[in-house]
Structure formats: C-alpha cells, structure tokens
Ligand SMILES: C[S@@+](CC[C@H](N)C(=O)[O-])C[C@H]1O[C@@H](n2cnc3c(N)ncnc32)[C@H](O)[C@@H]1O
C-alpha cells in the first residue's frame, strides 16, 4: 500500500468527485429523515497544500486552483461545492489546505445524519482520526473498505450514500469491484452508491460497466470528465463516477456542472459527460 492521497489532493479528479459528493448528499438531505454516509476508502481527511507532497506534484493548481480563480457565474452545483469547502481551505481565504471526502461530507451533514470513514493504511488512518476530530459525528475505522460494506450495510437509517474511492494501485482491485458492489447492493438495494474510477486505459473500465449492466442493476448514471478527448497511453486524462440510484435532479445538475467544470479545468479540450448506463 504505497498510495498516498496527499500527492493528489485537490486535483481535477478530487474536484470532480467532491462536486458529485456534495450534490448527492444535498439530494438525500431534501427529506428530513437521517442519512448515513459510508466512505469505504476515506484517505487522510485533510491535506496541507504547502507540504512537500502537494508542492512536488502541484496537481492541486490544475484542479481546485483553477476553479478557485474562475470568474463569472457558475452552475449551482459548483457554487455549492465551493461554499462547502471554503471554510475548510485555511483561515485566511487562500488555498492552504484541501479537505478530503469525510470532512466535506461532515460539512454537509445535519445533526440527524451519521458518517463512517474507513481507511486501511495505518499512517493515513492516524491522520484521518486527527482530521475528523471536532467535525461532528464521524466514526473512523481502520479497516478494509470492502469489509465495511459487509459490516455496515444496510445502515439503520435505511437511507444513505456509499462512496467507494479506491486507489486502483493493486492489480486485483478492478476485478473485485463489481463483485463487492453487487453484494453490497443485495444488502442495501435502495442505497445510493458512488464509485470513482480513473480514465487511463478505458478497456477495463468498460468491462466493469458491462458487468454491472449484465448483472441487472438499474438506475446507473455515469458522470465523466475528460481533460483531453485523446487516450494517452497510461496517463490519467479523465475520471468518472458511476452513481447507482442517484437522487432526483442529480443527473440534470451534473449535466450542467460537468461541461462547465471541464471548460474551466481544461479550456478548449475538456469534456463533461453525463448519461445513463442503465436507465430507470
Ligand atoms: C483515493 S484515496 C481516498 C480519497 C478520499 N476518498 C477523498 O476523496 O478525499 C484512497 C485511499 O484508500 C486507502 N485504501 C487502499 N486500500 C484500501 C482498502 N482495502 N480499504 C480501505 N482503504 C484503503 C488508501 O490508503 C487511500 O488513502
């Protein structure tokens, strides 16, 4: 387990994923009844953009750095995301930190909602525990995110979002995903699931989508952001989030937000795309 999210925090993929995250939780919050957020691969929770990992790659400058400086009116989902993360970026309004998914979800949560953040790497887990302190009712667990699906689903609230955001560093990760997702869906069929995936070599991702489709799952939305339409051998040129059971209105929100985000992050070449892999 060599992956450290600190090298990538706030990059285009984080921004895209977290725009989806905020909009999904807002969708669940339309009803007063409580929701549960399960973050299977939570990361370190909070990242110092001035620290060597961020400074070494500079990836955040092409992600949150660009959106932060964008001028002119933005689609509602982008404005909402920026409003949620603004208090978490550093106390002088400049880009000094970037929040991870548990802190972003905690910022959207209402008193009745519940959050569970799982992280397997002991060092990342230690930082996660520190980062979550004082951010509301987040239970942090050092455990395998796929075990967490078995342990925590269905949640007692019977409403919720499961974010599955693996690092894709192990060869067996991608083949494992459809199996784990289908098993989770059996336990909690009405849950909302968001699975982040990289767009490098698109063949294996197409295989994953085919397996979910062939398994008979309904209501699968794909939200994708490409910086460049060209597939460059092995380079991360885009990413996507597969959303099962998206809340009402989410597809339309993303259909407006993703092309706008693509135009800001990659002027001239960026593309945002939202469509149903399997409709209602
Ligand atoms: C892409 S990062 C998570 C980023 C985070 N979700 C966010 O949006 O801020 C993936 C994390 O998964 C952790 N990880 C890897 N394998 C895991 C597993 N089987 N279970 C739980 N966490 C795992 C890695 O240590 C890493 O911190």
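In case you wondered, yes, glycine gets a Cβ from its N, Cα and C as well.
Marked as active site, proton acceptor by TrEMBL: 165. Positions annotated as S-adenosyl-L-methionine binding site by TrEMBL: 18, 41, 101, 119, 144, 145, 165. Taken from TrEMBL, the feature site 'Interaction with substrate rRNA' applies to 3.
Here the features listed in TrEMBL are painted onto the structure.
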residue: 3; record: site 'Interaction with substrate rRNA'; Cβ neighbours (10 Å): 16
residue: 18; record: S-adenosyl-L-methionine binding site; Cβ neighbours (10 Å): 23
residue: 41; record: S-adenosyl-L-methionine binding site; Cβ neighbours (10 Å): 23
residue: 101; record: S-adenosyl-L-methionine binding site; Cβ neighbours (10 Å): 24
residue: 119; record: S-adenosyl-L-methionine binding site; Cβ neighbours (10 Å): 29
residue: 144; record: S-adenosyl-L-methionine binding site; Cβ neighbours (10 Å): 15
residue: 145; record: S-adenosyl-L-methionine binding site; Cβ neighbours (10 Å): 22
residue: 165; record: active site, proton acceptor; Cβ neighbours (10 Å): 23
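Annotation note: residue 101 (S-adenosyl-L-methionine binding site) sits in a helical segment as assigned by DSSP. It is 12 Å from the Cα atom of residue 3 (site 'Interaction with substrate rRNA') to that of residue 165 (active site, proton acceptor). Under DSSP, residue 145 (S-adenosyl-L-methionine binding site) is assigned to a helix (H, G or I) in the three-state scheme. Under the three-state DSSP scheme, residue 165 (active site, proton acceptor) falls in the coil class. Taking CA atoms as the reference points, residue 18 (S-adenosyl-L-methionine binding site) and residue 165 (active site, proton acceptor) are 11 Å apart. DSSP assigns residue 18 (S-adenosyl-L-methionine binding site) to a helical segment in the three-state reduction. Across the structure, residue 41 (S-adenosyl-L-methionine binding site) and residue 165 (active site, proton acceptor) place their CA atoms 5 angstrom apart. Straight-line distance linking the Cα atoms of residue 101 (S-adenosyl-L-methionine binding site) and residue 165 (active site, proton acceptor), rounded to a whole number, equals 10 Å.
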